[in-house]
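Here's the structure, in structure tokens; my notes come after.
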Amino acid sequence: MSATARKTAPLPDDIRARKGGTPIVSLTAYTTPMAELMDAHCDFVLVGDSVGMVLHGLPSTIGVTMEMMILHGQAVKRGLRQAMMVVDMPFGSYEESPQQAFRNAARIMSETGAGAVKLEGGQGMAETIAFLVARGIPVMAHIGLTPQSINTLGGYKVQGRGAAGTQLMADAQAVAEAGAFAVVLEKVPQTLADRITADVPIPTIGIGASAGCDGQVLVVDDMLGLFTKFKPKFVKRYANLGEQAEAAVAAYAEEVRTRAFPAVDHVFADAVPEAKS
Ligand code: KIV
């Protein structure tokens, strides 16, 4: 079903059932107004930990906290009627043990109203994913470039080239077997993304992967041209709102300095004008 024809948010199982079907549409959101804009168009909205870089000016996602994810999750939820919300588990909130992951995932679910959480990692996180799913927490996995691990991955490099592709395939199989309802594939070669999509039974959500994935996700500020500090190759800009916003601010500043703003339309008379009969 298309997102526009839907009346209620899909469940993780509905997303799982879209394997091999009409591509699943997703964007990140961090605020209520942005969530409202995309609600009718997206199957799920991701409150990504990219919020740290995009809205808070952090150098990476590593400094993102549970409090930030919960606050932005609550804001996004207020803007959604039809799309499911997935909230990222931040760095340090789930890696220690399945029990730690459960405590924090349960907090995210209960305090934000999320339909699912997302966490980064493949085989190494399979036990944790199974632990969460068995306790009622739907999990979206995230493999390939996992930005919370840039310090061990050596930066924002393409993952899975050559022999490393075997490990990535094993990661995808492991998260699917553990019970993840979908898996994000970030920055992996197109042919590998296509092979993983063909071989794993759950939907693959590509970002810098392949049009053959079962769905796509982008960071909304990237695709709107609002976040322009850098532009990964996989980002397509559908608008240049950053440039437009700066031009609008410059025009406002000029009009304030020349007293062209406020004009007569923006100020109030002493007396209320009489109503025309
Ligand atoms: O944090 C994020 O925005 C993500 C991406 C997959 C878009 O995890």
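Easy rule for this one: first residue shown is 1, then count along the chain.
Cβ atoms here come from the backbone N, Cα and C positions, even for glycine.
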- Task: Would you identify which residue of E111, E120, E127 TrEMBL lists as part of the Mg(2+) site it also attributes to D49, D88?
- Result: E120
- Query: Roughly how many angstrom lie between the C-alpha atoms of K118 (3-methyl-2-oxobutanoate binding site) and E186 (active site, proton acceptor)?
  - Reply: 13
- Query: In sequence order, what residues of the same chain, 6+ apart, have a Cβ less than 8 Å from the Cβ of E120 (Mg(2+) binding site)?
  - Reply: A141, H142, I143, T146, P147, Q148, S149
- Query: On a count of neighbouring CB atoms within 10 A, which of the recorded positions D88, E186 is highest?
  - Reply: D88
